[in-house]
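First comes the structure, then the notes that go with it.
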């Protein structure tokens, strides 16, 4: 269907294209009408079919006879960009001149560059006679109005297309050429595309391969196969060869093409009168009637006719006997013996082996067929036990695939079986058990597990029961036995050999312990020959074995276990000795092994005594605790808890140890966390000692609970001077440390000096608030750490041989290299100063602040010792007081402006009023009072404030007048401001007081400065070198080079770009502006009646601002003495944008952005509106389409007319019946979307071209009815029924199926229901079977544009012939886009064809 429709459309398209092509071909021929030369004035004659007048002379603007001028403006008499206007009825013209020009033809210039005279960015320059436009590259003409056509010189070669650009051009090459001018031919043969030694011929845009004889293809890549024509006969094999072939004949044939058959009967192979019959590469002997048999009739009829062989064996006659060939599974001379294949027991997992030759088992044995056959009697089958499968029952059936386990049980597959692991249901608190977890376990309903033991129920032999899973520290069937023991001081537990069972192949000792002791005995076991000891040394577990008092084994695990947590240790003695620390925080290297130090490891495991926690007390040399019997030295006894002690899996408890064999051991863990009450104060760290605690105090605290604090020494109280001196009472050698806490706010002063009577070892002092350190002969070492901040700092000196390191807390501040010296008894440590004031002043004077907890190594040097046991004698204290109080710094009332003083340690702070600031409230914070309008920024000045803002000038704004307030005393030697504008000539500032004056302006887009001042007779001029009318900000400063001189040259700085512009002459300063001089900002210039149009910052003259805001009502006045006051009363518009708002291109869709400095405005192109030209004006808003749908465009609209209407606005009614196709006398009825045919007589169809389908009477005498619409009568399931034509349904085929019910037409198409089909009437913008093709899609256009005209014409002729043939062969009435012929083979009623033949093709409409 689609093929024929496509062919039909293609036929129409190609026909119209061909006609157009033929028409255009003939239209270009010259006509003989021009042969007479009727045209005058050198004009050209060209024939037009619709007009006999044929003269064309557009170049000379002549009429059709080339005699008179048609348009007086045709020759462009107006010069430049002037506009020529034709005067009606006079044949004359008038020139409308642009600004700056006059005259009849606008040829006279008025020497003015105004009005944007130069186009395309050209720069206008004044000339003595007329303005001159300097054009940018790519443009020419007097006003730069002409785009220079770089393509005029035809720079592109070889048929390339030249595209003109701005100051350049681009060449688009045709295929086969490249390069900027398309002058380089592409050699397509460079890539060697031709294969198999073919010759490559380079051509324009392509290449051609000349192939050898035996190859073909575009690139000669295909070898020619001579065998393709199948030259070899009678099944011969063709062998392809270069340039030829050969035939390998099948047996029985010969010849070049195997065309000759060989006669195998020529040798007369048949004996005894047998008839030879020739075949294809064979023969056979017909022995009929000869009394012989065999291939050549050579054998008498055989003895096997008596069938001597058993079990369906095959009999073979010999010369005087026969041979039986047995079937598989049988043996013997007559095949009478059945081979027993089950003798090797091939079936696994108790499978039963059954031989296939057991004929009696067939029909009643699973796994065997119902009947016996000798063909399958060889072998065996395995009948598997339940749970197994496979040929040999080798595969275990996964019973878990059937999910036998209930209630969430987990199934485990077993050989031939399965096991269910039943869960505990946390929701219902129910245990399940039984084979399939179907039983609710009741054993724990009234369980007796003690001490939080977990009850585990079970169901065995139909009985419910339970077991108890005990927590650590408990054992027994009901967890009733306590296995936790608490060991006090000197406690022990003696386990005799009778307390536990005998030995096995290995022995195992395990226990859990809980202690804070770093050193303790856990276990000792053995005798005088061999002993094993398990102990804690420095918190780590150690295991040692001694043999005859010699240490043989020492194992240890480097992990701290003296942390008050539970730890599990296990010792195993077998072939190797293993020590393991299990669980807890030990993550790696928690197991260590060694060989057993004795030949028989069971000698260590022998039944012998063991001691847990300690040994019975005895005394030996040096008061060491020993085992009295064997005199074994021991570590301190264990204080803590042992739990779950097992000797060879036997629990050791107090109950199974004899009375009197333990001391200070109790059941349970009675340890107390002494640190729980946090007894250590002032950040002290508490250490739990099981029977007490110990506090490690942070400096400067001490005492058992860190409650005491070393008394600080106060130096320089109320600005006094003093020091402290300590005499060293021991020899400390070359390695020692000296540390102290220091608090100060003073940036200078001696902190520490260490010396003897003749030599000063080291001195430490404050310099600019940081520490400095020096030794004799070495440079000063300054530390990058600020100490004088009033905080407490721990300072430490660590003296080593040849080096001193300085620390602040744990931070290393650096080191210095020093000679080695030794601290001896009698040396003196000075703190805070020296007895000699002059020596002290060398280090910035005496120290002011506090020093606390001075330590030499671990010895404390106390200023005020409270014990007579101090290792040092009383120090020398001069003006050193106890504690660390601060001076009363508020005594002198340091706060100004009503500030309130608050005393700090050796410092003060002021609570200042809201309008003041500074350490002493000496600064008034004017800007915090919000003195400026919202559009201005407040800037604090030394004596007041100023409101800073950027002013916006519109070109029509009034000038702003300023005057001095008469109090300016400073020298005015400079002026600074910033601006941005597009003006070329404009005045910025003007001030004048005869004979002195100041002008700052822009001339020819450059900054211009004029000044006459002081006693100078010269007017100073400065002209900038850069253009400043680009709309961006420019920062400008004019200043005297020598500001202290009476006259000086001036310089101009623009945007800090060097070199600066410097004047050639000198003049005075701007001091004349102090004397009531009027200063005008934004004034008009002489040659520009408009004022400044742009932005101007607040101008600064000599550091004094020209504020745009007078003292407004509601805002405080400015307190500074020196001011320039705004005299004019006009309001100044502020709020200039920091940059050109048009730089971001805010205007869309070609809109032109106009910078207004405080904002921007978009001038939109036709069809667009909105702030940014973002709104496409809806031309459809007025509903211009009368009978159609309106599609909005840009500044336009398009009407898509409803069927039956046409015209720009769909206003014209189309007569749809004008070209109707109604046949057979039918009447055309016009409709909105087309027309319909009212059929006459016995005709039907859309165009009434077909006869109505006949009716058939169906049934018998009892039951009869009529089948309409061509339906036929048929017997179906013993009843008469109507079999309907495609497109009809119902019991009597009376209902026409509505093919439009599925709404097949898309994109607004209208569906028309027809017989067995539908027709989509598409909107004008769509086409296709279902209106699915969008005609506006560019992909549907220009498919054939790339084909050459000559080739295309030939292709059209051939294609049209084929299409016409195809249409003729398929010509039939298939209206619309739905073909019933497709339904005939693939429609929903194809299943009826088995009962009724398909209709004739002519009647399927």
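Cβ coordinates are placed from backbone N, Cα and C, and glycine is handled just like the others.
Quick look at what Swiss-Prot annotates:
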type     : residues  : note
DISULFID : 194-209   : disulfide bond
DISULFID : 211-220   : disulfide bond
DISULFID : 227-238   : disulfide bond
DISULFID : 265-276   : disulfide bond
DISULFID : 304-315   : disulfide bond
DISULFID : 347-382   : disulfide bond
DISULFID : 400-411   : disulfide bond
DISULFID : 405-420   : disulfide bond
DISULFID : 675-686   : disulfide bond
DISULFID : 1095-1136 : disulfide bond
DISULFID : 1142-1153 : disulfide bond
DISULFID : 1300-1311 : disulfide bond
DOMAIN   : 30-67     : domain 'EGF-like 1'
DOMAIN   : 185-221   : domain 'EGF-like 5'
DOMAIN   : 261-298   : domain 'EGF-like 7'
DOMAIN   : 300-336   : domain 'EGF-like 8'
DOMAIN   : 396-438   : domain 'EGF-like 10'
DOMAIN   : 482-669   : domain 'Laminin G-like 1'
DOMAIN   : 671-707   : domain 'EGF-like 12'
DOMAIN   : 886-922   : domain 'EGF-like 13'
DOMAIN   : 950-1136  : domain 'Laminin G-like 3'
DOMAIN   : 1138-1174 : domain 'EGF-like 15'
DOMAIN   : 1176-1211 : domain 'EGF-like 16'
DOMAIN   : 1296-1332 : domain 'EGF-like 19'
SIGNAL   : 1-27      : signal peptide
TOPO_DOM : 28-1339   : topological domain 'Extracellular'
TRANSMEM : 1340-1360 : transmembrane segment
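All features noted in Swiss-Prot, drawn onto the structure.
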| residue | record | Cβ within 10 Å |
| --- | --- | --- |
| 194 | disulfide bond | 22 |
| 211 | disulfide bond | 20 |
| 220 | disulfide bond | 21 |
| 238 | disulfide bond | 19 |
| 304 | disulfide bond | 17 |
| 382 | disulfide bond | 22 |
| 405 | disulfide bond | 23 |
| 411 | disulfide bond | 19 |
| 420 | disulfide bond | 21 |
| 1311 | disulfide bond | 20 |
Confidence summary (mean pLDDT) of the domain 'EGF-like 19' (1296-1332):
88
Listing them in sequence order, which of the disulfide-bonded residues 194, 276, 405, 686 have their Cα within 10 Å of that of residue 1311 (disulfide bond)?
none
Other Cβ atoms within 10 Å is the metric here; tell me which of the disulfide-bonded residues 227, 276, 1095, 1153, 1300 scores highest.
1095
Compare the Cα of residue 265 (disulfide bond) against each of the disulfide-bonded residues 400, 405, 1153 and report the nearest.
400
Which listed residue (209, 265, 675, 1136, 1142) has most other Cβ within 10 Å, given these are disulfide-bonded residues:
1136
Chain-internal residues, separated by at least six, CB under 8 A from residue 347 (disulfide bond):
353, 382, 383, 384, 392, 393
Taking DSSP three-state, what's residue 405 (disulfide bond) in: helix, strand or coil?
coil
In the domain 'EGF-like 7' (261-298), how many residues does DSSP call helix, how many strand, and how many coil?
4 helix, 13 strand, 21 coil
Give me the Cα-Cα distance between residue 315 (disulfide bond) and residue 400 (disulfide bond), rounded to a whole Å.
55
To the nearest whole angstrom, state the Cα distance for the pair residue 220 (disulfide bond) and residue 304 (disulfide bond).
69
What stretch of 482-669, 671-707, 886-922, 1296-1332 shows the most Cβ pairs under 8 Å to the domain 'EGF-like 16' (1176-1211)?
1296-1332
For residue 400 (disulfide bond), which residues of its chain lie six or more apart in sequence with Cβ-Cβ distance below 8 Å?
411, 412, 413, 418
Which whole-number value in Å describes the distance between the Cα atoms of residue 420 (disulfide bond) and residue 686 (disulfide bond)?
54
Beyond the flanks of the domain 'EGF-like 7' (261-298) by at least 6 residues, Cβ under 8 Å:
234, 250-254
